[in-house]
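Worksheet for the structure shown next.
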C-alpha cells in the first residue's frame, strides 16, 4: 500500500535526514582516523600538508559530484540522482577500507566524495520541493540536525575503537559509512519523485498523484492539491517564457535576476565554511589535544561535544519558521565570532602558560560554538539555496551553491593543519574576525523567504516586469500558502492526516488573485 499524507511527508523527510546523517558521519569520521598511529603508519607518516590532502581532497570529489547534478539531477530526476550517488559512495568506501598507502586513500576519498556531493546537492532540493511553505524550513532543519547525529556516531564509534588493537580500529569506521548509503539507496525506490520535476518534464498525471498522496488522501480534485499543482505549473510557464534552462542563464542578470540568486546561494555556503566549522569538525581531537588533553580524553570530549552539537541543531526545527532566516543568520554569526575569539584567547594562555583553567575554557567555548553553529548556519546554508532558484534552474543553481560549500570545505581542510602548526591560536582569532565581516553581506543582500512558496520566492527575486506578469497571468502563485493559512492555521501535517473533501469555493480563484496582487504590490523585492 502506497504511503499517503503525513506518513509520506514524514518518510520523505526521513530520507533526506538519512542522507545528511551519512554526510555528517563522513565529516566526523576522519577526526579519529587521522590520530590513529597505525593509520598514520600505513599512510607512510605523511607531513601536515599530505595529511591535509588526504582529508581535504574528499571535498574536491564532493564538489565534482555536486556540479554533475546540475545536468544529472534534471535529466534523471531527484530520486535516481540520489540512488547513483549512494552507489558511487559505496564503491569509494570499499576502496578506502582496503587502502594500503596514501595515493590509494586519496583516490578512494575522491570517489567517495563524488557520491556524497551528488547526494548533498540533490537532497535539500528534493526536500524543499515536497515540503509545504509554512514548514519547509523546519523540515530542512530536521534533516540538517541528523548531520550532527552522523558526526556523533563517528566520534563515539571511534572512541570505542580507540581501545581496540590493530587496523580494525581505523578500517571499520571507513567501511561503516556504507550502511547509511545502502539504507538511503533503498529508500529512494520507495518514495515518490518530486512533483515539480514531474511537472517540468510533462508528467502531469504522476505529479497530481504525488500531490494528492501528500495533501488529500489521493483525491486529485481536492483544493489543496489543485492549488499547488496550478501554482507550480504557472511558475514553470512563467520561467519558460524567459527561456531559462542552461548554466549560462545562471550567470546572467536577466529578468529573473539569476546571477543574484547564484551569488547568494554560493555566498551563503562559503560563509558557512569560512565561519570555522570544519576547523572544529575535522580536527576536533587535535584542537582538544592542543588544549593539553591526552588522546583518550580528547576523543571522549569529542563525543560529548557531538551531543551538544545535536542539541543546538534541533533548535531551528522550532525557531526557523517563527523567527525567520535573517535573524538566525545574524545571531549565528555574532555567537560564532564571540566564541571563536574567546577560544583563540584561551589557546594563547594555554600555549604560553599551560594554565589548566584556560584549557577547560577552550573545551567549553568550542562546545558552545558548535551549539550556536548547529542552531543557525548548519541548516541555513542548505535551506536558503534550495528555496531561491526557479524550478528550471533549481538543480543547476543548487549544484553551484553546493560546489561552493565543498570548495570552501576543501580550502579550510587543507589549510587547517598548516594553520595549527604555524599560526596556532591565531587560527581561531582569524575565523572569529571573518564571522564579524560576514554580517555585512547578510545585512545588505539576503532577503527573508519565511512562509513563502517556492513559486512566490521565484517571483520575489525577479524584476518588476516579471512581477507584473505574475499578477496578470499567473494568479495561482501564492495559492498554496493562502490555502494553508485559511485552514485555521493548521499545520500541513495535520491537514494531511485529516483530509477534507471540500472542493474549491466559487470565489476561491478571485480571492487568490487579489491577495497575491496585494502581496506583490507591497513587496520591495530582493534589492531592498
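From the backbone N, Cα and C atoms, a Cβ is placed for every residue, glycine too.
According to TrEMBL, the feature transmembrane segment maps to residues 403-420, out of the candidate ranges 385-402, 403-420, 457-474. Of the listed segments 50-72, 119-141, 142-164, TrEMBL assigns transmembrane segment to 50-72.
From the options 299-318, 479-498, 499-518, the stretch TrEMBL describes as transmembrane segment is 299-318. Transmembrane segment is the annotation TrEMBL gives to one range among 169-191, 192-214, and that range is 169-191. Comparing 169-191, 262-284, 330-350, 403-420 for CB pairs under 8 angstroms to the transmembrane segment (426-446), the maximum falls on 330-350. With a cut-off of 8 Å between Cβ atoms, the residues of this chain six or more beyond the transmembrane segment (169-191) that come close are 3, 8, 11-12, 14-15, 18-19, 21-22, 25-26, 29, 32-33, 36, 38-39, 79-80, 82-83, 86-87, 89-90, 93-94, 96-97, 112, 115, 119, 150, 154, 157-158, 161-162.
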